[in-house]
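The N-acetylserine feature in Swiss-Prot is assigned to 2; the stated evidence is a large-scale study or a structure entry. Residues annotated as repeat 'TPR 2' in Swiss-Prot: 40-73. Per Swiss-Prot, the feature repeat 'TPR 3' maps to 272-305. Annotation source Swiss-Prot lists repeat 'TPR 4' at 307-339. Taken from Swiss-Prot, the feature repeat 'TPR 5' covers 386-419. The repeat 'TPR 7' feature in Swiss-Prot is assigned to 455-492. The repeat 'TPR 11' feature in Swiss-Prot is assigned to 633-665. Here Swiss-Prot flags 826-860 as repeat 'TPR 14'. Taken from Swiss-Prot, the feature repeat 'TPR 15' applies to 861-894. Here Swiss-Prot flags 980-1013 as repeat 'TPR 16'. Among the features that Swiss-Prot reports, repeat 'TPR 17' is placed at 1020-1054. Summarising the annotation, Swiss-Prot assigns repeat 'TPR 18' to 1056-1084. What Swiss-Prot lists as repeat 'TPR 20' is 1400-1433.
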């Protein structure tokens, strides 16, 4: 291609680019490049086209190629710059600065405007890459260029300002050249500003100063800039603040700097730098309080001023506030660490560390000393600075490391012998070791070298103070140096504290001492010792206002858990002032500070006690005693509070603890006596008179001990008198009190006092109390004591002259009490009571006294009641009623007024009498109320005609009257033991409660009281009652003797005598007595009863016909009794004459009207049905009765019993019936538990498999409730046997195999102990023997079983059942050997069974023997025989067991593959009959197994087996067997889906046998 063609192609390329045909352009360029590879324009055009086609890499390569070819040509560089600007190319950041630089070079001489534009772009690029120096230099060059071009000042100002903006943002990273260019830029920008002053100019100036302040070495320039701005803007704070802060931080705060600070504070009173500057000036002037105040306020505004924090710490150290100083130093150090490590900051850091260490050492505690050592270790070159070494030694001394401290001290002494601090250090170490003489010398040497150090004077004064009494009192010693220290350092609080000690303890000048303590506390408000001393002295000087002011100031400032001393003292102040709530709050605050201060706890207890908080006070004193076990006071207060709260036993225990420590502590002895006295009073209220006597004896013992130590204390004599008088109500026979001879005027020993002697001693004690202190209440107590003595004389019938004298004395004493205190209603009341006593009878005086008592105390139920009694005594019933009513309205719970109303009701014959007496017993126990209520209960019970009335139902039954009356009457006779009717009523009530022995005892007590009485009839009645009760308790001989002691003329006596003879077994004599009774009987009913009793007596003698004749005589009377008809019915049952029994029962049903007879009627009816063999009717009859009377537990119990005996198939219902009986009535429930257990056993395996083992648990419970019942022990034996059988089925070890013999012994022992019917005993013993032998056989204890049978046969050889048992035992080993039995043996066994031919189990056992010998037909015949017997007897369980055994026998034959249609049909027949009897899981299983044997793979086989496996209600063992066969069936059918279902079912039920089979079958 020619050059012309090249030009044409380039032109075409240029045109294509203009027309945006970039691909065409590329083609033309490539055409050119084929001819001329180094054509500049072609490469440039390629770059342009490629850039437009968004092919930056190709464009870059083209431009670079062009630039290489022609480096001084602009086009390629411009294109490259545009390309980099357009695309963020990978090499753009690296290459673009070079491109811009090349363009600058090319534009410099060609186009200044474009040069400037490129220059700005280059600066922006450098700025982005944080190349500050390049930015500064390039922009500087731009400004210079513009200056050369003659640019305006405004433009130049903006350019300089722009440069400040570029560089001001990151001054920390700049080098010196950049910084200088920045400052030059600021200066030029400020100089070129056209508006001065202006807002814009001010901001620029601020930025300039801000930048300068970041560079410490530019301090001169900073100062100049600040001063320049101050001159232009005199009202602006900023330059002043920066300048002040700069001067403060640099440590060059000159007078001029002070002026700046003052000027700044004038402008803004809260200016941080200004206040800090003023604070530093105050510190220099030793105005420490001003310094701390200004520095603290300044640092709030300027918290990052290191020097400010340092100087604040310095001022705080000077003012002896080391804790605050440590915090200030720590703050300064934190700021220094944030600023980084420069030369100045390192210096500041060392200063702060030094000061912090000094402050920490002043704190003196171990942790602070440890921290001080760590702080000193941080100071550079600390080991070479003596001052720091001194501090380290002091730190070691404070923490107890004396060896380290001494070592440093010795090194310092050798290196710096002229340094005062070193000698002072040596002195302190000697002082610590209590070597005060050496310490004195060293401090003196230190003071010789520096006399103006307050600390040295203080320490020397302290040395003298502790050196001894002499130096302490010597004014030239301790006092002089303390005063010098106080003069040199007026902020040293501790020196003022010791000056206070000096003036208080040595001089005795309390006012001056208080001034010193106040000064010390003002200087250091954490000095608890000074504060406490100031407060204590103020209290001593009776300046409570000042004391309270100090305490309030401290407590207001105190944080939680501090200032204990102040809280404690203020709490005690409030406690003394009676402000209890404030005292509690303050003492609680004191305890927060020190929870282990027992004094605080005691004070808090006192505060709680003062405001009536006994429980909280008790806790406080308890805590105090725990913290200080030696404190008697705390324990005493605990005891005293427990005594107040009525916890007398606990109080006694606490008092005893005190007495053990200090035997003569009278308050504790008094407390012990009071507690026993109060317990005696409580016992008397509960009518526990014996306890009360014991408590009084103890109380007198303690009061006597107290009087031995303090016989001059009146209250102790009064308390002893109270104790003696307290037992006035107790029966004289019970009062035998042992009193220490000291109280009776003897030197030693004890004396037993009777009631009259004790009361007399009480009067003497009151007399001694009056001699010591004559008080109205003691006169009153003495008067009451004389009254009680008079009462006792009247009760015992003693000398009437003495009685009169005592009553006169009583009146005299009570009048004296009234004269001393005429407003006390109790004294008037007591005087009234004595005045109306029968020995005086001054009713007018009594009425006057009661009225005066009411006038003295309006709410006075006692006086109104006494007034009512007075009116009632004088037969003024209406007035008495009104008085009692008034008393009731005033105090409805006051017992006596209710008794009064009851007596009025009784007098007028009101129906409310019984209710009122009952209400008195509900309120509290009182002899009059108790006797009245018991009388009305007995009276109501004796009236047999009222049983169906609502009044009887409510008063007796609903109100539970009999036990309530019995309880209160027991209390009555406990106290009043000479009133025979009370014992008679008590015996009567005990009879009703079936407490026969207690009733007999009560009747016997009545007899003893009536022996000397003239009323012989009453005595005979008591004997009759006693004899009747002896007979019912089984003491027949005593009963016979009792009745013989009566004339035996009254019908009741003769009948009682006859009954006693009958119960003793003297039937002939009993018959004679009944015949004698017949001769004198009058009423038809009584005659019927006697004839019935006579008939029973004749029956007992074997005269059945005579008995029947007598009972027939009863039945033909006009009014035959139900008892005689019941006896006739029972006689028919005994004779097995159903016709007679039925006729008697029909007659009986005509006369029975009461619901109470339901049980007897039902029992007799069901017994007749049982005699007739109608088992179903037996259950139906009782079920019908239960439905009619669902609340009768006896019927439920009977139902449970007959179900177990006659209807075992309904055993589940029998269990329910037994449980209901047990719930309704625990008495019937005892026997019902046995029936329940028997029914549970009858339910079979479904019950036995229960995890709770229901039957066994039930029978165990029954054994606990009735251990004397032999049937229960027999039942327990059966339950254990069932449990062992279940264990064998489940392949587990039986648990109770050793119990059979023990339980058999328990049955025999129970039969001997209790009297049961003979045939019942024999049956139970035989059954128990059979069960025990069976259990022994099953558990393999053959020899024991054989021994048991042999032993039983020796005592009675004629026992076919036992012989059968023996044969079963003997055959067991033979059968287990699986050898054929000889014919002779089989014949012997057959004979034995034939001798027990009516026994179903015997035939079943013989069948089992035949089966073991392969004699299947013979076995079948035996089973059929057992089935026949069971059917004849109606034994459901016998029939079921026989059918199942028969079916099992036939199935075994079938399984043996014996081809005979007889056996399969026998299985089907027997199981079908069993299923007719009841749902029988075993029968269903046997049918399924028969089907399995017949057709293993048939669908019917699976259906039958699945029914057993999956349907509920099948026992585990049966379901497991079915599961085993079903698994075999399914594997035979290869039905793996159903196999998986069955395996999951086996896993759910824990059937390991089935799972093992599955593993075996699946592996084959």
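Counting starts with 1 at the first residue shown.
Yeah, the Cβs are placed from backbone N, Cα and C, and that goes for glycine too.
Broken down with DSSP, the repeat 'TPR 2' (40-73) shows 27 helix, 0 strand, 7 coil. Away from its own ends, the repeat 'TPR 3' (272-305) comes close to residues 240-242, 244-245, 247-249, 253, 257-258, 260-265, 311-312, 314-316, 318-319, 331, 335, 491 of its chain (Cβ-Cβ under 8 Å, at least six residues beyond either end). For the repeat 'TPR 18' (1056-1084), the list of distant contacts is 1024, 1027-1028, 1030-1031, 1034, 1036-1037, 1039-1040, 1043-1044, 1048, 1090-1091, 1093-1094, 1096-1098, 1100-1101, 1117-1119: same-chain residues at least six beyond its ends, Cβ to Cβ under 8 Å. Long-range contacts of the repeat 'TPR 5' (386-419) within the same chain: residues 354, 357-358, 360-361, 364-366, 368-370, 372-373, 376, 379, 425-426, 428-429, 432-433, 449, each at least 6 residues beyond the stretch ends and with a Cβ under 8 Å from a Cβ of the stretch. Averaged across the repeat 'TPR 4' (307-339), pLDDT in this predicted model comes to 88. Remark: secondary structure over the repeat 'TPR 11' (633-665) totals 26 helix, 0 strand, 7 coil, with classes taken from DSSP. For the repeat 'TPR 20' (1400-1433), the DSSP counts in helix, strand and coil order read 31 helix, 0 strand, 3 coil.
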